Amino acid sequence: MGGSVASAQLSPNFYATTCPRALSLIQSLVNATVANETRMGASLLRLHFHDCFGCDASILLRDNATFTGEQSTPPNANSIRGMDVIDNIKAQVERLCPSVVSCADILTLVARDSVVVLGGPSWTVPLGRRDSTSANQTAALVNIPSPALNLSGLVAAFASQGLNARELVALSGAHTIGQARCTAFRNRIYNDTNIDSNFATLRRANCPSAGGDGNLAPLDVNTSTIFDNTYYTNLVGMRGLLHSDQELFNNGSTDAQVTVYNSNVTSFFSDFASAMVKMGNISPLTGSNGQIRTNCSRTN
């Protein structure tokens, strides 16, 4: 995965002449969306994460009679949200500049804008991705890290995409916002031993040992609608919601990095922004590959 090769093909100024108002329009729409429903900021950021590991908007393709996409795979089923928001943004961008701005670039910009509006860092987004004409259900299943993974599994999953352990810890900080379903953390709150007992009791109240799969809990127990570094504070206090979260601070090789981010929000913001750019550069479609979808949920 030559991240450097990809970034050479992408440019922050890609739409400077073809659709100069696109970026400000997208940002204003994200700001309005998140003002209306704060949680949507986290959902939009997650869409980008689940699309990347190949940032080509394949996650947005809806199933039809001849095609089964990524939305029904276990990492995405009943949990990805915000496709309608992307559809709305795309429709407004299309009115501004028809068939110019890709859904993949919109997803990447929306992720950045969601972080910014919730108080996180900003970064310059390289642009010029094109949209896939197919989706890979198997890749989505294999590549998206499970909340049940241990540290070595997480490190391997990110390494397979060219992301190192420090970038794993930084990108996991996206869990400073948003919610998770009971089914994703049930095993942790009933079976893990490296968990604060009061925290486990609190989470069990809304996540029974059987049933209630869709019941939600904040990934960051303190400030679930503010993009800050308290995710790492939670890990140090053994209050990570997902098993995979707490694995980052569990007497292992990433403990020191968690400690740095817990004590230094500037360091976390800087590393998160850099890692988001790198993740957004994973094997994009550029040039004549792919297409510019006019409707993000289906191919042209």
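Glycine is treated like the rest: Cβ placed from N, Cα and C.
When you check TrEMBL, the disulphide partner of C97 from the set C19, C52, C55 turns out to be C19. Between C207 and the candidates C182, C296, TrEMBL records the disulphide bond with C182. Mean pLDDT of the predicted structure over the domain 'Plant heme peroxidase family profile' (9-300): 91.
The two recorded residues H50 (active site, proton acceptor) and C182 (disulfide bond) have their Cα atoms spaced 19 Å from each other. Each of the disulfide-bonded residues C103, C182, C207, C296 was scored by the number of other CB atoms within 10 Å of its CB, and the largest score is that of C103.
In sequence order, A104, R129, R130, D131, S132, S283, P284, L285, G290 constitute the residues six or more apart from D56 (Ca(2+) 1 binding site) in its chain with CB-CB distances below 8 Å. The shortest Cα-Cα distance from C182 (disulfide bond) to any of the recorded positions (C19, S58, C103) is found for S58.
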